[in-house]
Structure formats: structure tokens, C-alpha cells
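Working notes, beginning with the structure itself.
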Protein chains: 2
Amino acid sequence: MTKKSVLQQARAAYQPKLPSVLWGPVKAVKGEPTQSVGDQEEIKKLFPNTYGLPELEFVKDTDASKKKTGKPAKFNVGVILSGGQAPGGHNVICGLFDGLKALNKENRLYGFLMGPGGLVDHKYKELTASFINDYRNTGGFDMIGSGRTKLETPEQFEKGLEIIKELDIRAIVIIGGDDSNTNAAVLAEYYKAKNVPVQVLGCPKTIDGDLKNEWIETSFGFDTATKVYSELIGNIERDANSAKKYWHFMKLMGRSASHIALECALKTQPNYCIVSEEVEAKNMTLNDIVADIAKVVAQRAADGNNFGSVLVPEGLIEFIPAMKKLIAQLNDMLAEHPEIKQMEPDAQHKFVVDHLTKENVEAFNSLPVDVQRQLSLDRDPHGNVQVSLIETEKLLSDMVEKKLEQMKEKGEYVGKFSALHHFFGYEGRCADPSNFDADYCYALGYNAAQLVNCGATGYMSSIRNLAKPSIQWIAGGIPITMMFNMEQRNGKQKPVIRKALVDLNGRPFQVFAQHRAKWARETCYVYPGPVQYFGPDEVCNQTSKTLYYEQEGK
Amino acid sequence: MTKKSVLQQARAAYQPKLPSVLWGPVKAVKGEPTQSVGDQEEIKKLFPNTYGLPELEFVKDTDASKKKTGKPAKFNVGVILSGGQAPGGHNVICGLFDGLKALNKENRLYGFLMGPGGLVDHKYKELTASFINDYRNTGGFDMIGSGRTKLETPEQFEKGLEIIKELDIRAIVIIGGDDSNTNAAVLAEYYKAKNVPVQVLGCPKTIDGDLKNEWIETSFGFDTATKVYSELIGNIERDANSAKKYWHFMKLMGRSASHIALECALKTQPNYCIVSEEVEAKNMTLNDIVADIAKVVAQRAADGNNFGSVLVPEGLIEFIPAMKKLIAQLNDMLAEHPEIKQMEPDAQHKFVVDHLTKENVEAFNSLPVDVQRQLSLDRDPHGNVQVSLIETEKLLSDMVEKKLEQMKEKGEYVGKFSALHHFFGYEGRCADPSNFDADYCYALGYNAAQLVNCGATGYMSSIRNLAKPSIQWIAGGIPITMMFNMEQRNGKQKPVIRKALVDLNGRPFQVFAQHRAKWARETCYVYPGPVQYFGPDEVCNQTSKTLYYEQEGK
């Protein structure tokens with residue numbers, strides 16, 4: 001553990017606010033048997049032992065003290081951080097630890113190191129109170145590290161079982177996103193089918209906000225990450241409004257979904273925010289988007305405002321139908337003709353254009369030369385184009401600039417256009433968690449200990465009613481199979497948790513859509529400032545706008 | 001005024017802590033006549049009316065109440081924001097306003113709009129209490145806007161005088177960096193020489209921290225901006241330490257001087273931080289720097305740590321002696337042979353190499369092709385290469401990658417190197433000011449009102465003893481000419497405030513130099529977290545490390 005900053009020293013003393021239902025002994029109330037959200041028959045067949053489990057809700061066990069059932073059961077638990085960092089991961093582990101110790105002081109917690117690979121490779125560390133205490137309310141996943149190994153094969157499951165038995169572990173808690181939780185369900189089914197007494201539980205993690213449904217109101221980390229990005233966007237908007245000479249194009253992390261961009265837009269009221277899901281729904285081309293932004297630039301210029309802010313979601317390119325088709329054909333072409341990669345730029349361009357469909361040639365030619373080349377060359381190990389490497393923010397501003405030149409010639413635009421570019425992502429993944437994420441994560445972990453205690457497997461730790469103060473939150477467990485449907489992955493139909501994209505009929509998008517014309521034309525920036533950990537309640541304990549509008553709309 | 005965030009609403013109530021000496025009436029104690037820091041004879045000749053003025057220090061005027069000199073003098077003041085944004089500018093204006101009103105409720109304050117150009121073009125706004133109150137403790141310069149027009153010519157001074165007379169303005173307060181304060185001194189001299197009763201005063205603004213000397217301990221904005229950058233660097237370091245697979249190269253704003261990079265390094269303890277002033281002093285080449293970083297990467301890789309953090313000051317390129325010579329020759333070559341710009345890449349490369357000195361060819365060939373081309377093409381309107389456009393952070397990581405490949409072949413390096421890049425600048429210029437900057441700026445402004453009242457002209461508002469709690473700060477005025485020396489600017493010798501570069505013998509650099517070997521090899525990151533406005537004193541009221549070490553070392 002390195003030197004702590006003064007803020008971290010002060011913040012270490014923060015006691016996360018646990019839902020009141022978890023303040024003492026609980027009992028699980030079972031709901032009706034559940035169904036998966038889609039493809040029920042196939043899912044049921046794939047998960048014969050963990051399909052159809054009931055939802056669980058914890059209520060206070062007021063009779064607990066009278067029961068005097070002797071010493072409570074003693075058990076050990078293993079915990080794994082899976083995938084990209086999200087603020088609050090350490091607090092899930094701290095909550096889990098405290099929950100286990102509250103059940104029985106002799107319970108032990110093991111952390112598998114550097115992600116799911118630690119389970120397979122038997123790399124672990126016992127997490128003791130003194131070790132854990134240094135990580136309370138801190139960001140990052142450095143307590144035990146994270147990794148992207150996918151737990152998918154029986155060989156991995158068996159290797160895991162060896163160490164599970166050796167350490168006498170009763171349950172594995174996997175803290176991860178949709179894919180990691182999907183794998184948790186597969187693992188739970190595998191052990192249940194083998195009649196091995198190992199429970200597997202999941203916790204919903206991802207700053208991207210795309211692990212979300214009726215039962216999981218938000219994934220942890222989204223709140224803090226969007227607060228950090230909004231601090232930066234607000235600062236840059238204030239800079240734009242002071243200097244009055246730059247258009248700032250800001251790309252935001254978030255993978256496919258545009259939840260992060262939308263949340264930041266609701267917080268900072270930029271002049272423009274692209275929502276990928278809308279681009280797809282409206283079947284917009286790249287040129288359509290560019291024309292729309294150029295229109296806003298021209299309108300503002302007409303008012304004498306040659307400055308502005310544009311938010312760009314990371315996953316945009318894949319949502320533009322024309323680009324999607326183009327990329328698909330390019331992927332196939334490169335697989336068939338690997339020699340393309342070695343060609344000189346001109347020859348390559350000719351070859352590609354000659355072999356593309358007429359529709360795709362049009363999309364291809366709409367792109368600047370360097371992006372054309374990027375699409376024709378770089379591929380990830382699976383042969384897919386690495387869209388995240390495409391500097392969409394620069395691509396868009398370059399195209400907007402060209403469009404404005406054309407408009408200028410036609411007399412449709414009078415003004416100056418000077419663009420600056422930013423990409424915000426890594427800045428927010430390891431920030432110290434906001435009060436919301438500190439509380440939410442601690443509750444998710446503490447709650448997971450209760451799920452272990454009541455014997456649940458194949459469940460995700462679920463804390464609900466999140467727009468309310470944390471002591472009013474509802475705690476329980478949701479069968480992971482309930483969130484499943486079948487989707488195409490790497491050419492195969494697989495059971496997966498349905499990824500939550502931005503719902504264009506949902507309140508968060510609707511509120512944005514209602515205001516965006518005004519935000520585009522006028523300068524309505526809001527400057528949220530940095531995350532505060534001390535001070536007035538309304539400053540420190542605000543939930544995300546997304547959650548607020550979703551719950552308010554209920 | 002747009003909608004305020006909840007934080008801004010809460011923060012509006014903050015009352016900046018004024019030095020106790022300014023809590024009531026003051027009188028100015030005059031020091032001895034002063035000398036400029038260099039070229040005394042020439043400066044004296046250029047500033048016959050404002051050279052040699054005494055330092056002023058304010059002390060409580062305990063006799064003030066007994067004097068009963070009737071109604072205090074009534075006067076109007078104009079204020080100008082000049083140059084790049086820095087957190088706290090609004091508080092200088094608020095302090096000035098409150099200081100003026102404390103002297104006489106009928107005093108008025110006018111804000112000239114969009115920088116010094118507002119004075120010349122007669123664009124202004126009267127700043128009233130209700131208007132100003134919305135901007136208390138906020139970031140940005142949007143209250144009256146800023147601009148980069150240089151006040152240099154008698155025509156401008158005369159145009160300014162027209163509006164000054166029309167509004168019956170007694171003093172102009174220019175809030176700006178070293179150049180703007182230099183111009184303030186020129187303007188003060190001009191009006192004094194003409195016997196026009198207009199005082200001109202300056203306030204030391206710039207996030208870069210390079211307006212600093214024996215009398216001006218720091219410029220405002222440096223504290224907040226470096227806190228914002230350090231928040232982000234810390235978050236990214238925590239991400240690096242969690243994922244353990246990326247080297248993050250982070251370029252930091254700060255123009256020529258490396259104060260920002262050094263301050264952030266002292267706060268976050270990165271694996272590597274380049275200090276341009278040291279590069280120059282040691283006569284290092286780009287290859288030397290690259291080799292040094294590669295050595296650190298290799299050492300960490302040997303320990304199994306294929307991740308790290310590197311801070312790069314924005315002005316680096318100009319401090320590498322070999323690059324400086326190369327750029328100078330390229331500038332001359334392009335001026336002489338403008339046809340170079342039109343040549344095809346290969347022909348251009350050949351021409352340039354054929355015409356460079358042998359030494360410069362070596363420096364040129366050490367650069368990646370795209371940077372070579374950038375240096376051979378893009379020039380600003382003055383014919384200078386736009387070094388700030390060179391993506392030094394990418395240039396360095398590309399060169400480090402190549403160097404590591406060579407080392408790998410020789411068996412000197414075993415590991416993986418994957419780099420990510422960031423540039424932090426605009427994120428920090430308009431942040432809401434930290435308590436330090438909120439207090440310091442308010443005091444600078446309030447103090448400037450006292451300087452007006454005592455008839456000072458050609459002075460900079462000076463608040464000292466800054467490492468102490470703000471009520472113990474010392475208030476006064478420093479003759480701007482005292483900070484002058486003669487320097488070459490656009491081919492001419494000009495009187496200018498000497499720019500403060502990082503002092504390699506100063507404590508801040510020495511502390512960094514003492515620890516950097518350990519920080520390089522081990523992982524000693526510190527995560528400062530976001531600026532806090534509420535909460536424990538040590539969290540909210542820490543001064544910069546630079547100021548701390550400088551004052552502690554006194």
C-alpha cells in the first residue's frame with residue numbers, strides 16, 4: 001500500500017450507509033418461479049438446475065434472536081474482480097467481508113488475483129481485516145487486481161474446483177459486467193449439475209451502465225465515472241464559454257451503449273450529444289450526423305457564437321447502419337484476401353473500392369483517407385476492425401469542417417470553426433467512489449454474504465429502490481438466468497444477459513430530446529464540478545440523472 | 001447566467017478568507033526605492049516616471065476612525081481579464097468590487113469585455129452587486145470574457161483614454177500573465193508621462209506558474225489547475241496499477257515552464273516526469289530522454305511491472321538544445337525557400353536533409369516521419385513552428401517502443417509495452433477555484449482596491465506569506481518595473497518581466513530529484529482525488545507542494 005493522499009486518509013473513515021433491512025439478521029422471502037426474458041425453452045434446456053429459480057427478497061428476521069439455533073454456520077468465500085475497473089469494486093469486497101464477519105467471525109474471505117485467471121491458476125490471497133481496511137472507499141481494482149480471462153470451459157471449472165476444495169470455499173462471488181455474470185451463471189449451473197456444494201454469485205459492475213434491467217437498476221461505477229466525466233466536460237464548457245473560439249469534441253467511454261454520453265449530457269447540457277441508439281433507429285449515415293452538427297454550428301455562428309461542445313459516444317461507428325455493413329464486408333474481404341494488408345495505399349484503395357458493393361463504396365468514400373486506411377488494415381486478434389481505435393471525435397470534426405466550407409460557399413454559414421478534441425475514459429474508471437457508489441457497492445457485497453448464507457447459487461446480488469436514500473434500499477437476489485436470452489456471439493447462438501442499450505422511449509432520453517434544440521442554440525451549460533465527499537447532502541448524495549428520471553417516471 | 005449545479009449553489013455561499021490586515025482601513029508603508037532585476041540603466045530610461053518606485057506594504061490604519069476626514073474619495077475602476085483562463089479570475093473581480101464598495105458605496109466598477117480589446121473598442125459593462133454575485137467562487141472568465149489583444153501602441157492607449165475619461169475611471173486593473181503585466185507597466189508609464197490621472201495596476205494570473213519571483217510567490221490558478229490535473233493523473237495511475245498492462249503518457253499544459261508537470265509529479269509520484277529545464281541544462285537530446293524512459297520501462301518490466309506513468313511538459317521540444325537548433329534552421333530555411341511547403345514528401349525530405357547542417361540532420365533523422373513533416377510544413381502566422389501541435393506524448397512513446405525493440409534484440413529488455421496517451425489542459429483552466437485560489441484571488445482583488453485608493457500606479461497587487469493560513473497573509477504592491485529585464489522578442493530588445501522557469505536548485509525540484517529513482521522502480525503512486533470544498537481543513541486548504549517546499553526551504 002502506497003502513501004495515502006490527505007483526502008484518502010479523511011475518506012477512509014466514511015462508513016457506507018447500509019440499507020436498514022441489512023442492519024441485523026435477515027430471512028429470504030421467495031417469489032414465484034421465474035422465466036428468462038427471451039428464448040425460455042432453450043435457456044431452460046441449457047440451465048436445467050438453475051433455471052426458473054425464484055426471486056429473493058431479504059426482510060428483517062425478527063425471530064432470529066429467539067431461535068437460538070446454536071453457533072451460526074461457518075464458511076469461506078472467494079471473490080473475483082472481472083474485466084474493466086469501475087469505482088467501488090473495493091467496497092463490494094469490504095461489504096462482503098463485513099457481511100461474512102457479521103454472520104460469523106470465523107468466516108474467511110479469499111481474493112483470487114488478477115481476475116478469473118486467479119481461480120484457474122490458484123493464485124489467491126486471504127483478505128484480512130487489516131489488509132482490507134486500507135482499501136475502504138478507494139477507487140481502483142488494485143486490492144486483488146482484475147483480468148479478462150473468460151470462465152467458459154469445463155477444464156477451467158475443474159481447475160477452479162481444486163482450489164475451492166483446498167480452501168474449503170462454499171461460494172464464489174464474481175464482480176463483473178454482463179459477460180462475467182453470464183459466466184457466473186454457467187459456472188453455477190456446472191457445479192450444481194455436478195452436485196458440488198459450491199455456490200456462485202454475481203455482482204453488477206460496469207461504468208458503461210449497460211448491465212441494467214427491471215431487477216438491476218444500475219451497475220456500480222456508472223455514477224462515479226459519469227460524475228468525473230461531467231466535471232471535465234463542465235470545465236471545458238466553461239472554457240469554451242470564456243474563450244468563445246473553440247468547438248470541443250469530446251469522446252466518452254462506454255463501449256456500445258450511449259448511457260454515459262446521455263447521462264453526461266443531462267448533467268452538462270452540451271450543444272450537441274450523439275446517441276448511437278438513435279442514429280441506428282433513424283438509420284442515419286455519417287454524413288447525416290455531420291450535416292446535423294454543422295447545422296448547429298452554423299446556427300450558433302449566426303448568433304455570434306463560434307464555440308460549442310459536442311459529446312460523442314465511443315461506440316458510435318458500429319451503430320451507423322451504413323458503417324456496420326461496410327465494416328462487415330471489409331472484415332470478410334480481409335479474411336478472404338489477406339494480401340490487402342501488404343498493398344501500397346493507392347493499390348489498396350483501388351482493390352477495396354473495386355470489391356465493395358456500390359452502397360458500401362459510398363460509405364467508404366465518405367470517410368477521410370486515414371480512416372479508410374485504418375479500416376483496411378488494423379484488425380484485432382479475432383479479425384474484427386478495432387473501432388475503438390478510430391478517433392471518431394477527430395473524424396467528425398474534420399468532416400464538419402469540410403461541410404462548413406461547402407456551406408460557406410453557398411452562403412449558408414458565416415463564422416469561424418476551430419475544433420479541439422478530448423477522450424475521457426481512463427480518468428473515471430478508478431476514481432474514488434462517490435457516496436452513491438460507496439454505499440451501493442458496500443450494500444451489494446454485504447448482501448452477497450446474505451445470499452451465500454441462505455444457500456443461493458446462480459443469483460446476482462440485487463439492491464433496488466436506488467433513487468431513494470440508501471437506508472430505504474431493497475435487498476435481495478435475482479436468478480441470473482432470468483436476464484438471459486439467446487444471442488449470436490462469434491458465429492454461435494449463446495445464452496447471454498441482454499445488454500441494455502439506451503431506450504429511446506425511456507425518460508432519460510426523452511428529457512434530453514425535449515431540451516436539446518434549446519441547448520444547441522443557446523448556451524445552457526451546467527458546470528457540475530468535482531465529486532464532493534463532505535458537505536451538504538444534495539451535493540454529496542445525488543444519484544445519476546438517468547436513475548432519477550427512470551425512477552421518477554415509474 | 002445559466003442554471004447552476006447543486007455544487008455551485010452550495011459553493012456560492014463561501015466567504016473567501018481575507019488577510020486580517022485588510023479587515024479594516026489600511027495605510028501603505030513605503031519601502032526603499034527599487035531597482036529592476038536586470039538592465040537597470042535601460043529600464044530606467046524606458047520608464048522614467050515609474051522606475052524606482054518603492055515597495056508598498058499595507059498595515060492596519062488604527063488612527064483611521066479618529067481622522068474623520070469627511071467623506072472618503074469616490075472613484076470608478078475598470079477591470080480587464082487578459083489571456084488564457086485561470087481558476088479564480090472571477091474572485092479577483094469580486095474582491096475588487098467588495099474592496100471598492102468598502103471604501104465608498106458609491107464607487108463603481110466597469111468590466112471591459114473580451115479582454116484588453118474591450119478597452120480599445122469601448123466595450124464594457126458596469127458590474128453591479130446582483131450581477132457579480134452569480135459569479136462568486138466560480139471558475140471561468142465568462143463574467144466579462146477574456147482576450148489576447150496586446151496593449152502596446154499609443155493609438156490603443158489613446159483609444160482607451162477616451163472611454164476612461166467618459167466613464168470617469170481612476171484606475172485600470174489588468175488581470176493577466178507576465179506579458180499582460182508588462183503591458184500594464186507600459187500603459188502606466190504612458191499615462192504618467194502624459195500626466196493623465198489614470199492609475200494602472202496588474203494582478204498575477206496564469207495556471208502555468210511562470211509569473212513568480214521574490215515578490216510574487218505564485219500566480220493564481222496554478223493551485224487549482226494542478227489539483228485538477230493531479231486528480232486525473234492519480235485516477236489514471238490507479239487504473240494502470242489495477243490493469244497492470246499500460247504505460248500512460250500524459251502531456252500537461254504549462255507552456256515553456258515545467259512548473260505544472262513538477263507540481264503534479266510531487267503530488268502523484270509517477271514513474272517518470274520530464275522537466276524541460278533539466279533537459280536543457282544537461283544538454284539532452286530526444287534520444288537521451290527516450291533512452292532514459294526506456295531504461296525505466298525495462299527495469300520495471302524486469303520486476304514484472306509492465307505498466308507505468310510518464311508526465312510530459314507541453315513545452316519540452318523547445319528545451320531540447322538539438323531540437324531548438326533544428327527548429328531555428330528549419331524556420332530560416334522555410335522563410336528562404338517557401339517552395340518547400342509544396343514539395344512531395346520524398347522530395348521535401350531530400351531537400352531539407354540536403355540543406356540542414358550535419359548536426360541538425362542527425363536531430364531531424366531521430367524523429368518519426370510524420371513529425372519530420374510537421375516540422376517542415378506547419379507554421380504559425382509569425383513563421384514559427386507550432387510546437388504545441390506536436391503530440392510529444394505520442395512521439396515519445398513511439399520512440400520508446402522502437403528503443404525497447406532494439407533492447408529486446410540485445411536481451412536488455414523482456415516485457416510487453418503498450419502505451420496510452422492523454423493531454424490535460426483545458427480541463428483545469430476553468431475549474432471552480434480551490435479554497436486557496438478563491439481566497440488568494442479575492443485578496444488580490446480586494447488589495448488592488450486599496451492600491452487604487454492610495455494612488456499607486458505601475459504596481460502589481462501582491463499577497464505574500466502564502467504557505468500560511470490566509471488570515472496571516474501580507475498585502476501590498478510591487479512596482480512592476482522592479483521585475484523587468486531586457487529580453488529579445490521578435491528580433492527586438494524589450495523590457496519584460498523575467499519568466500520564472502523551474503529552478504533546478506530550488507527545493508521543489510530537489511525533492512523530486514531525491515525521490516524519482518524510487519518512484520521509477522517501485523509503484524509509489526499517490527491518488528489525490530478531486531478538489532474538495534467542504535470537509536477537513538487539511539483536505540480543503542492545502543497549498544501547492546511547490547509553494548510548500550519553497551516556503552519551507554526559506
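The first residue you see is number 1, and the count goes up from there.
Every residue, even glycine, has its Cβ placed from backbone N, Cα and C.
Among the features that TrEMBL reports, active site, proton acceptor is placed at B:Asp208. If you look up TrEMBL, you'll see B:Asp178 marked as Mg(2+) binding site. What TrEMBL records for B:76-354 is domain 'Phosphofructokinase'. The site 'Important for catalytic activity and substrate specificity' annotation in TrEMBL covers B:Asp179. Per TrEMBL, the feature site 'Important for catalytic activity' maps to B:Lys205.
TrEMBL feature annotations superimposed on the structure.
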residue  : record                                                            : Cβ neighbours (10 Å)
B:Asp178 : Mg(2+) binding site                                               : 25
B:Asp179 : site 'Important for catalytic activity and substrate specificity' : 20
B:Lys205 : site 'Important for catalytic activity'                           : 32
B:Asp208 : active site, proton acceptor                                      : 27
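Recorded residues B:Lys205 (site 'Important for catalytic activity') and B:Asp179 (site 'Important for catalytic activity and substrate specificity') have their alpha carbons 11 Å apart, per Cα-Cα distance. Between the alpha carbons (Cα) of the residue listed as 'active site, proton acceptor' and B:Asp178 (Mg(2+) binding site) lies a span of roughly 11 Å. In the three-state DSSP scheme, B:Lys205 (site 'Important for catalytic activity') is classed as strand. For the recorded site, the residue listed as 'Mg(2+) binding site', the DSSP three-state label reads helix.
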